Ligand SMILES: N=CN[C@@H](CCC(=O)O)C(=O)O
Ligand SMILES: [Zn+2]
């Protein structure tokens, strides 16, 4: 190699899943660790990585433009958050006491609160207001080590307001260093103006909203909240199949609260992913496995809703060989957090996933849930140089030492975009304040 744009040195431990494909079952544990490693970057992509002594043998004589030493820290692929409701107006802290007093999530929605409250706020917000709020969340995610994020619409529920949300996601993707992948989720709830007329709303969605979203190229995926009292299996099938016809791949909020058969539907229509799955049955899990659907688990949501049940990650991995992915589900209601590191801890605590499985779920499997396993999600020669540097000795340390942000640095497309958070007050050290 004649010229290296950037050489990352001093990597105490480099840990990554291997390959481009989703890693299911026992292969979720098979991450590859290289100690005392270096990574060479050229044109924003990984040109070489391996132990420092091999680098000296193989690439001696290369011209190195910039060298950065990460001081013995842990380096992983940039994390991928494959399920968020990033763009929305307002917040819902006024529902906190109601929720904590035991009022169920679906009851709050049926009374016009929940998602429908956020619809009001989103409709009332200007595009610029939505942009500024989502940009701050995206910054927070980046500081947590996330380099690619999925963003769903679904708080507009009218053509105009859905397009406004999707335009914000598109602008953010163009301007922000984090890649934003768009999903159209007009079927998130039935809006007030269609109350009691869900069939008419589905007609509007299929005949008016979907064609416009597809024509303007504003979304890559289509998602539906398939749930009792929201969208039925038949309605979900109709929307997702029509979206597929227009070129949008399917995702589905499935079997979150009631086992409606959303996982079975995901298998039937060949969805790329099925999300939540807290109440999915064995038939449903078998359907996911048979069709190669990626289960995206959201342990922050069950935690925040105070549910006693959790998604059956162990069965998914051990019995069905499924490639589990993890995500924040960042949204203003059931999971108002941007912290993927909190999700890692909850996956350990409540889903009983091992540190290796958690890393695989937040990298290569999450990348595949967005159809991007060929480009991101593992440290491979030729892939994007998206990397997260943690101030941690090993991957088990991330879910173990919880409630803090372990990120030291983040590289996106070969550029260091986060580096050593500064303490403006200074740190007392021998010889004075530095
Ligand atoms: N469950 C449906 N949708 C979101 C929550 C949206 C909200 O409460 O605002 C979710 O994935 O958890
Ligand atoms: Zn969601």
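Here, residue 1 is simply the first one shown, and the rest follow in order.
Positions of Cβ are set from backbone N, Cα and C atoms, glycine also.
When 13, 27, 327, 334 are compared with the 4-imidazolone-5-propanoate site residues 92, 155, 188, 256 in TrEMBL, the one appearing in that site is 334. According to TrEMBL, the residue from 179, 321, 329 that belongs to the Fe(3+) site alongside 83, 85, 253 is 329.
Proximity of the binding-site residues (83, 92, 155, 333) to ligand 1: a Cβ under 6 Å from the molecule is found for 333. With a cut-off of 6 Å between Cβ and the nearest atom of ligand 2, the binding-site residues 92, 155, 256, 333 reduce to an empty set. In the structure as shown, the Cβ atom of residue 92 (4-imidazolone-5-propanoate binding site) sits within 10 Å of 21 other Cβ atoms.
Among the binding-site residues 188, 331, 333, the ones whose Cα sits within 10 Å of the Cα of residue 253 (Zn(2+) binding site) are 188, in sequence order. Put simply, of the binding-site residues 83, 92, 155, 188, 256, the one whose Cα is nearest the Cα of residue 333 (N-formimidoyl-L-glutamate binding site) is 92.
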